[in-house]
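K.L.:
What follows is a single structure, and I will ask about it in a moment.
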Amino acid sequence: MHLYLCVLVCLSIGMANCLLPGGIRRMTDEEIQNDEILLTGVEFAVDKYNSDTNSRLIATNVISATVQVVAGFKYNALIELRPRLCVQDPKTKIATCPLRMNLPTKCSFTFLYQSWVPQKYSMLSTKCLRA
């Protein structure tokens, strides 16, 4: 009954962005740019992908994202990644290397954020395609 009333209230006041538990909601461009949990999660996902694939990619654009309330927040983000022009050297900081602009990769990262656990972010899935 409570869920029915919540849905009815959301529909009656025209709230397209009403986030119900379990409901998947597409994030606006403004939300994507300002959501610290999402942006930190994207960094986490890219770092994990780089570690797993021995790559040196950096996120250059969050194309789209969705969020779902579960036991935490489940995010799915479509990210454009570009390689850095650096030799694989642990002494070289990736942020100082120039971007290689002609080889974008698009990845869909799904990760979970749970503020109450020690490891706040966990990867659920990764799918990447070189453009």
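Cβ atoms here come from the backbone N, Cα and C positions, even for glycine.
Sharing the features that Swiss-Prot gives for it:
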type     : residues  : note
DISULFID : C86-C97   : disulfide bond
DISULFID : C107-C128 : disulfide bond
DOMAIN   : 35-109    : domain 'Cystatin'
SIGNAL   : 1-18      : signal peptide
SITE     : G22       : site 'Reactive site'
K.L.:
Looking only at the domain 'Cystatin' (35-109), what is the model's average confidence as pLDDT?
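P.N.:
For the domain 'Cystatin' (35-109), the model's average pLDDT rounds to 86.
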K.L.:
Using a 10 angstroms cut-off on Cβ to Cβ distances, just flag whichever of C107, C128 is the loneliest among these disulfide-bonded residues.
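P.N.:
It is C128 that, of the disulfide-bonded residues C107, C128, has the fewest other Cβ atoms within 10 Å.
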K.L.:
Whole-number Å distance between the CA of C128 (disulfide bond) and the CA of G22 (site 'Reactive site')?
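P.N.:
Here the two Cα atoms are 26 Å apart.
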